[in-house]
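J.: Before anything else, here's the structure in question.
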Amino acid sequence: MTSSDYDPASEGAETDFSRRMSYGDYLALDAILGAQHPLSEAHDEMLFIIQHQTTELWMRLAIHELSAARRAIARDEVQPAMKMLARMSRIFEQLNNAWDVLRTMTPSEYTRFRSQLGQSSGFQSRQYRLIEYLLGNRNHAMLKPHAHDAEVTKLLEAELATPSLYDEVLRLADRNGLTMPAAVLSRDVRETHSFNEGVLQAWRVVYEAPETHWMLYELAEKLVDFEDYFRRWRFNHVTTVERVIGFKRGTGGTGGVSYLKRMLEVELFPELWRVRTIL
């Protein structure tokens, strides 16, 4: 028998799904594969749509993992949280690799359908904004693009009222023997955490004696590992946009590359990066 003659039913594989849930049913593939609606005849618009749709799917998983990691840390369940953070790094490794596919589209090819995008832009992504808020970058101005959608605004406002992932990590560290500044522990969580010398010195204790504070040391390195991948994703976003549109304004009205470059300056866990300088 050749492979072309092989019938999986001969070994007991199920082939009748008239009354059973199939692979496509479970994954709702009809809905997913029917969600691409190019607005032009340009061949490369399909690539552009699928690139962004798959990014949104990975972000859906990222939110799932980050939210669970934050809950686990708040309950002192650090080992499961570290597994989730490790997965977050792999998710953003996947997202970084995806830029290579989009870079196969040239400026000439993009201009054939760019006008069809109207004012839509990636900075309007509600999931990306939720990830930024979860991680502690709490720019209230970024609520404005969602003001037309009451449900999304409610979701983002609720996240702003919740301690960020890093807030929970600092509280965990305080519960486990590090002395975190009271002003940091009691701060308004709706605002972005800014660098604090007391937090830096607390992490210095961990990094100067990792064997004594192994759990916190390992957790800190998981955070740094993740932010490393996240920074690379932002950088790849900048270089891809510059490669495709140069320094034109973004479709959403931002400065395009100049806006994205400002995002490269954002530090999610500033003390974990600066502690390396003082060791």
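Cβ from N, Cα, C; glycine included.
Features from Swiss-Prot:
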| type | residues | note |
| --- | --- | --- |
| BINDING | F48, I49, I50, Q51, H52, Y110, R114, T251 | substrate binding site |
| BINDING | H237 | heme binding site |
J.: Fill in the CA-CA distance, R114 (substrate binding site) to H237 (heme binding site), as an integer in Å.
T.: 17
J.: Compute the C-alpha separation of I49 (substrate binding site) from H237 (heme binding site), stating it in Å without decimals.
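T.: So the alpha carbons of I49 (substrate binding site) and H237 (heme binding site) sit roughly 16 Å from each other.
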J.: Please report how many Å separate the Cα atom of the residue listed as 'heme binding site' from that of Y110 (substrate binding site), as a whole number.
T.: 16
J.: Which one of the binding-site residues (H52, R114) has its C-beta surrounded by the most other C-beta atoms within 10 angstroms?
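T.: It comes out as R114.
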